[in-house]
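Q: Feature annotation from TrEMBL assigns domain 'Major facilitator superfamily (MFS) profile' to 46-490. According to TrEMBL, the transmembrane segment annotation covers 124-141, 211-234, 305-327, 339-360, 367-389, 395-421, 433-451, 463-484.
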Amino acid sequence: MAEKHIEQPVAVKFVAPIEEAQHAASGEKSMSLIQAIKLYPKAVGWSVVLSSALIMEGYDLALLGSLYGSPQFNMKYGRQNPKTGKWSVPANWQSALSNGARAGEVIGLLGSGFVSERYGYRKTMITSLIAMIAFIFILFFAPNIKILVVGEVFCGIPWGIFQTITTQYASEVAPVVLRPYLTTFVNMCWVMGQFIAAGVNRGCVQRPDQWAYRIPFAIQWIWPVPIMIGVFLAPESPWWHVRKGNREGARAALLRLTSPEKHPDFNPDEVIAMIEHTNELEKNISEGTSYLDCFRGTDLRRTEIVCCTWIAQTICGTNIMGYFAYFMQKAGLPTVQSFNMSMISLALGLVGTAGSWWLMAHFGRRTIHFSGACVLFVILIIVGSISFAGTQAGYWATGGMLILFVFIYDFTIGPVTYSIVSEMSSTRLKSKTIVLARALYNTSNIVVNVLTNYQLGEANWNWGAKTAFFWAGTCGCVVVWVFFRLPEPRGRTYGELDMLFEQRVRKIKCNGLQPCPSCRSAELPCNFTVTQRRGGNRGARATILNELRGCVIQGGNTNPSSPVESIPTSQGHPTSSYHMIEGNTIERSLSLSSAGTLETGAIDMCITAYLERIYPVVPFLTADILRTEALHSSASLLSRQFIVSFCAYVVTFGKVLDEVSLFSSHTSASDLGTQLLNTALRIQVPERVSTPTRQSVFISFFLYGSYAGLGNYRQGWFYLREATTLFMMQKSGEDGEGWYSRDVYRSHAIRKNRPITLQVTSSSPSLIDAPSRGLQYLASLFRPFDEVFFAVWNGSRQECSKEWLLGLERDVRTALPVPLSVSSEQISNLRVSQLWLQIKLWELFPRFGFLSSESVYECLTFRYPITVARDLSVLAIKLPIGSLQIHGVGMTEKIFDIACALADVLPFVSTATSQLELGPVDFLTSTTSLLAKLPDGEAKFVPLLLAKVNELLPELVKGLCEAVQIQVPPLLEGPMSPDSRFVYEEEVGRGLYADLRRGR
């Protein structure tokens, strides 16, 4: 069974998690900071452990500059000036020491991408820490300046590795809300290292022996061992496991990073699905993970953003922060006191980094970076201007401004850079993008260090504080670049950022007050947090309802354009200002009265269309109920939402309004349905779900039907669950809409591989309670599909007996009487649903290896789909085509699934027949012809079916195109685009064919 689990169908591995991914992404984005900390406390701890490795880098780089002022260090590694008698390290060797570590970091950065992707973050970190312990020996026992330079180069290699891995790990293990805090903690670790270095040097600088410089070097041995133990115990990143195709490893790592018991709604499988979906999406957008891919397609701009953001740290004037003690000594402060002041400035840097966490919780990354760069530009101009004074007071003023500079930098640009870098690169290219950016950062640092030494060196250019003017110019370039090139990633998941970059959206900041054009162009929900209402149900039911309420305006293109407004009417009841809609208003399509309600004539047209065309299919509303709700819609918000959602449902239901003069010449049925759906969502009635009534079930079902009619099944799924939940909460089972929604709920869960959370229990209404014979028949079809079946279907249960499956198949095959005394519309729905369920059950037989060409049971043979397709062909001949078309895209999808199963078995069976009998190919032809006549059939499902046939039996494609009278679709003429491949995998998949090959 383990082998079967590894080779799951593509439809399960890739397609099914798409809705789970959307759900996980929505839940992650709506998570508060406190909720995230409670759910991910271990992720926070492990990220802090790995990030603390950067304390060593900040410590050593700051220590080296301080040691140049140590008399004992200069006597050991420097030269004596014959004229003054003072010892000092020559300028060229100072540059070699400072830049040697940077050169080593570049080497480590370049190797980090390859090594970490192959062996994982943990193994790479542990190896680097072991190497760090060894390399510190070189620094500690260096007999001369040359060996000391070698030691710095070697130490720089693991430091370079730490720079990339810590940021990557922090960004991958944390949810959206925690990501900025954990990634910016990297900057705090760097500042902490500088602060510790200043303190250690302050304590050792007055020692008269060799320990004045050996102790500072030896202190570096303190960190590697405890960090190594922490890294050994830490879990690997789930994203790395997914990139390696190890779903179980990713799930185990995720559980070690979280505390699921603190958040009952947390579903690790949905989070893994989101990671898998994002990974597959990025593979489609940019194939491969080589360094060249960082400069191809949409990743070119992402690489530019990451590189320029990091370079901005070096060219915004930060290099002169290290010369704070230099200016203080110029002001007449003693050497020891100047070091004390340096510690004060670094302490303020720590405070600034901590304060940046608050800043990022309230403002976007782009806003913080841009504002910080502007303030730093002004400070540099002031420092340069003060230099003209040439007085001791001027040096004190310069020192004060530099303290402010340190605080502002660590409050804005310093920490936010790590957040931007971790979010802007794609997850598949993250390590390589960060490696390139950090290597460029270190290279620029080498250039900046050399420039600064010449600018401030008294024997060279000797610019003094006027150096600030030069860096003000480079800082101004940073301001301009940020304004025109840096987008806003705040609150976006990695998947959404991928889509926005793919759509080449320049600005991705959403104001939440209207449908954001950028979000809409990328087909993403507006990034706007809506205040959730409290109260209502408790327990498991409340969990589901709260989840659904949180998704009311997320997903698809149906975000309300403005907040809900309540306007008092003459009757004293509040009425929503739902009639105000962006673009074409409802007045242009459905006439509105002055009171803001739908005109009676428009409502009557929808009621008439429902009773004549929809009622035979969905028979649970009477004219009296509809007219009563319409009568109360002017005074009751609940009735108004009922009527508007009902009209949206009718407008989007197939083509029932084609013959009704309801639309203006400028409004399509889809546009009108979208407008009505937006309006219904805008009418928020909290008690609809907190105190559910039969109206609540109707409204939820109408919202689902509207979304389904518009093709947005992902969002419709939530309202379908809501309708089913509300129905299960009712004490009576007499509501037809509840029965219908529960069966549709199971149908949707089967096709989309969704788990069901609402089970049939002993207290559930029985079949005899169904209000009509058609609903009784439909309920009997879906009754056998319980939680055990869905556990097997979705792969969470890996064991299944042949006898159990045979019993399920028999129950479905015999669930309906041969003569059905219902309308032709209901017959088409019942019979096609029965055939479709037979196919879905049959798909489990090859998955578990139960098929046999010699079995006495037809469902255990390869020819079973041929029999089902034959019955479908006969059914299509006997029933009017309108009875099939009335069911909309749902009917098309079921027939499409049957056709795909038939195509899958054709390579394994004999298709030869005489001229006087029909065979498998004939049934495939008739099924394809039927598909072309159904909603979305010719435009979407027939090309997808032909693409599948082209992969299995390409010689049949021409005959099928001639039968349907269409040209060969462009989909078959070359490689599929990423969008086409996405749709193909979602609707078609490859799982059944793979199972059939194994079973053969």
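Keep in mind that glycine also has a Cβ here, set from the backbone N, Cα and C atoms.
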Q: Top stretch among 124-141, 339-360, 367-389, 395-421, 433-451 for CB pairs under 8 A with the transmembrane segment (463-484)?
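A: Maximum Cβ contact count belongs to 367-389.
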Q: Sort out for me which stretch, of 124-141, 211-234, 339-360, 367-389, 433-451, has the most Cβ pairs below 8 angstroms to the transmembrane segment (395-421).
A: 339-360
Q: Cβ under 8 Å to the transmembrane segment (433-451), counting only same-chain residues 6 or more beyond its ends: which ones?
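A: For the transmembrane segment (433-451), the far contacts come to 95, 98-99, 102-103, 105-106, 109-110, 112-113, 160, 163-164, 167-168, 291, 294, 299, 302-303, 306-307, 309-311, 313-315, 319, 421-422, 425-426.
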Q: Mind checking which residues reach the transmembrane segment (367-389)? Cβ under 8 Å, same chain, six or more beyond either end.
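A: Residues 309, 312, 316-317, 320, 356, 359-360, 397-398, 401-402, 404-405, 408-409, 411-413, 416-417, 420, 464-469, 471-472, 475-476, 478-479, 482-483, 486, 488 contact the transmembrane segment (367-389) from elsewhere in the chain.
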